[in-house]
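Only one structure is covered here, and it is reproduced in the block below.
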Amino acid sequence: MTTIVSVRRGDKVVIGGDGQVSLGNTVMKGNARKVRRLYHDKVLAGFAGGTADAFTLFERFESKLEQHQGNLMRAAVELAKDWRTDRALRRLEALLAVADKETSLIITGNGDVVQPENDLIAIGSGGPFAQSAARALLENTDLNARDIVQKALTIAGDICVYTNGNQTIEEEESIAEDKTKQGKK
């Protein structure tokens, strides 16, 4: 598997992932690029799960983004509909974490589209470790989004055997409201 984590803080949204590709209990590749920019570099996307499956989903998702002029939510919902109804797509085992300047979403293999609480996404085998680390850093530090993603991936890589330290991190400007400081005094 892998670890993908996304954080939105201040005027940035960041997605990062590790580079390990495993086949069973064997590391096949250590420098895979599981985080990419889509739709004229305006959408960030990362995947966890089967590599070939994820590339198929990336292609489909980018096609939906083009079809809906970069509307992230609409493209995600349309991809999820296809995923649920297309027999070939239903067999794909992957998760996508996607974000643009306004929205962060998880698209699941069950065809669900989830907008996570506080725009914090962590998927893959190291996801729970990265999510815990990122949440603690969001709530207890003033680190920027990129530093939080980097530290969360490092912590996940130290704990999860299916996650390595080779990180790919992409960031984009954000205009969404920063929910991490709401209700705090």
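Cβ from N, Cα, C; glycine included.
What Swiss-Prot annotates here:
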ACT_SITE  THR2  active site
BINDING   GLY157, CYS160, THR163  Na(+) binding site
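Cβ proximity to the Na(+) site centre (mean Cβ of GLY157, CYS160, THR163, cutoff 8 Å) flags the following additional same-chain residues: THR3, ASP18, GLN20, SER125, GLY126, PHE129, LEU153, ALA156, ASP158, ILE159, VAL161, TYR162, ASN164, GLY165. Using a 10 Å Cβ-Cβ cutoff, GLY157 (Na(+) binding site) registers 22 neighbours. For the residue listed as 'active site' paired with THR163 (Na(+) binding site), the C-alpha to C-alpha distance reads 5 Å. In this structure, THR163 (Na(+) binding site) belongs to neither helix nor strand by DSSP; it is coil. Every protein chain shown contributes to the tally, and the Cβ of THR163 (Na(+) binding site) ends up with 30 other Cβ atoms within 10 Å.
Sequence-distant neighbours of CYS160 (Na(+) binding site): residues of the same chain at least 6 apart with a C-beta under 8 Å from its C-beta are THR3, SER125, GLY126, PHE129.
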